[in-house]
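Enquirer: Let me begin by handing over the structure; questions about it come next.
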Amino acid sequence: MMAAHRIRGWERPGNARGKRFAAMESAFYGFTIVIMLVCIAASTSCLSSFAVTRNPVALRLALAFLLYFFDLTFIFQNEYLSLNNLSEQGDALYYGIRNPYLKALVSVGVLESIWLALLEYLNKRSILLAVAPAALFLLAALLIVELAPEGPLKQWLFYSTREVFLAWMIVYVAFQAHEAKTTIQRSRTRKLARLAAVAAVLCACIVVENTFMIIVWKPGPEVARSALLLFFSERNISENVFILLFALFALRWSFRTLRMRRKDAPTPKGRQDAVYVRATMDNVCERYGLTAREREVLMSLVEGNDYQNTASRLHLAVGTVKSHMHNIFKKTGTKTSAELLQMFWGS
């Protein structure tokens, strides 16, 4: 009877439990496919947002989701190749770290991309701050691979380096929120703080799940003979949920950016658009040190007015408006109104 359920080196029990195993295998497969599709969608939308706005945050997020997609494809590849000799590998398969150097590189690529996007959003330009966390992550991962003895603890330590990097980002956001001095800084860090709070909860869930699945739980004989051993060995559901929620957040953000962006100057329509434009204007004015009058001139440009209409609206001479625009171009490093608008929507 058992032989009838043997497929290329792995077995599924021929009873009700076997049916449950099959259902779980299908669920894992379907869930992973959904995560991969959402990652590709998020990467594509962020890349489209970057193409339109030239916002570096969008490009870095696009890279993060693309690399996580590849991380999942490598898991699928390992599972497919390991099905042939599942019964011979046993604990070595479950507790081993397959392709550790590739995993470390992909992981640091994902986390570093998110970290760089975070620094760009907070307008932090320190090269040391940008590079040091990734370098420490890689060093820790390599030391664990080379020096730690084979077994559950090694696997747990290796995967926990991801959560340490993630925890560092969460703590950094909390620190920036606490240290924010201006209204604009508090507004921007407050938005990040809400996202960081969700990330902190899921990061804790990831650690708990890794601890239980790697250190506490011991797979029984039936699980060891099924493909579930493969699914459990390299997957963390909490991490997948974190990426899924983060990708949905990025999709919403990029879609809003693309919706607000126009080939010509956009005109805010409705309360939500007006709030978005006002928040962006606050950020641009603080970042580039624009005066109150320069802010009014820039807002008029964003709303689609030319120099003549802007002068009439603000009760200024056209030459004065041009003088203000010259100062705005100089402060923002742009040369034309088109470049200025692209910079504005990229902020």
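Just so you know, glycine gets a Cβ as well, placed from its N, Cα and C.
A quick note: this is a predicted structure, and the numbers were derived from the prediction, not measured.
Below are the features I grabbed from TrEMBL:
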TRANSMEM  27-50  transmembrane segment
TRANSMEM  57-76  transmembrane segment
TRANSMEM  101-119  transmembrane segment
TRANSMEM  126-144  transmembrane segment
TRANSMEM  156-175  transmembrane segment
TRANSMEM  195-217  transmembrane segment
TRANSMEM  237-255  transmembrane segment
DOMAIN    283-347  domain 'HTH luxR-type'
Enquirer: Which range wins on Cβ pairs under 8 Å with the transmembrane segment (237-255): 57-76, 101-119, 126-144, 156-175?
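Expert: The listed stretch sharing the most Cβ pairs with the transmembrane segment (237-255) is 57-76.
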Enquirer: Averaged over the domain 'HTH luxR-type' (283-347), what pLDDT does the predicted model reach?
Expert: 86
Enquirer: Write out how many residues of the domain 'HTH luxR-type' (283-347) are helix, how many strand and how many coil, based on DSSP.
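Expert: Per-class counts: 49 helix, 0 strand, 16 coil.
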